[in-house]
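Visitor: Attaching a single structure in structure tokens format; questions to follow.
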Amino acid sequence: MAYSLHVAHLYGDLLNTYGDIGNILVMKYYAKKINVNLTSELVSLGQPFEPQKYDFAFFGGGQDYEQMIVSKDIQAKKDDLISFIEDGGPVLAICGGYQLLGEYYIGADGQRINGIHALDHHTESQDNNRFIGDITIHNEQLDETYIGFENHNGMTYLGKGEQPLGKVVFGHGNNGSDRSEGAIYKNTYCSYFHGPILARNHNLAKHLLLIALKRKFPDVDFTIPADID
Ligand code: GLN
């Protein structure tokens, strides 16, 4: 294969709710269809995140307990993750991973779980409630509809420079009140959608793959034919 992409799977051994790793498998599937070799590597506790080694980073969701462990470890990777994100490195972060890219998450027991504040959102806790169920959103800019399944205690409020991934059509989304779901900042995409999100939303999978390819190979005109599904 002429081209290759290397993905960092952040804390995939701790945060992998509802098979979030499927997102990497879907990207690998579409990459192969257009003759691109996509490989991935677990980056977990005590391991450095070296921004120049990766073309994409994926960060899944999980329980508060695992998030607390990750919260402590990820502070050592904070500067490198921020420089990757600021440099336009593409990232997909789901649920717990999404919360940890923000400033903080107040867990279900009221404990503060610090994020890395790479993105400006913060996440509060609900009183004895979780947002659970199917969800549909619409992204106006791309005119695309995404479907998924959400299960979270956290209520996320977006901050400076962030756009929602979409507007809630059905379900709860970021916080159950402002009809936003997920976040986009530069090439970092965040969402509460499990499913995994890319297995259920091929248009988004193709979109992210093309972002990574165009960033790494700016002179090559990649397209993913519409009949590839
Ligand atoms: N533990 C977090 C919450 O309950 C994230 C959940 C998840 O990743 N599904 O909000």
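Even glycines carry a Cβ here, placed using N, Cα and C.
Pulled the feature table from TrEMBL, pasting it below:
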type     : residues : note
ACT_SITE : Cys95    : active site, nucleophile
ACT_SITE : His194   : active site
BINDING  : Arg130   : substrate binding site
DOMAIN   : 7-201    : domain 'CobB/CobQ-like glutamine amidotransferase'
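Each of these features: where is it, how hidden is it, and who are its neighbours?
Guide: The number of other Cβ atoms within 10 Å of the Cβ belonging to Cys95 (active site, nucleophile), over all protein chains shown, comes to 28.
Classification of His194 (active site) by DSSP places it within a strand.
Listed in sequence order, Asn151, His152, Asn153 are the same-chain residues at least 6 apart in sequence whose CB falls under 8 Å from the CB of Arg130 (substrate binding site).
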Visitor: Do me a favour and check the Cα-Cα span between His194 (active site) and Cys95 (active site, nucleophile); whole Å is fine.
Guide: 8
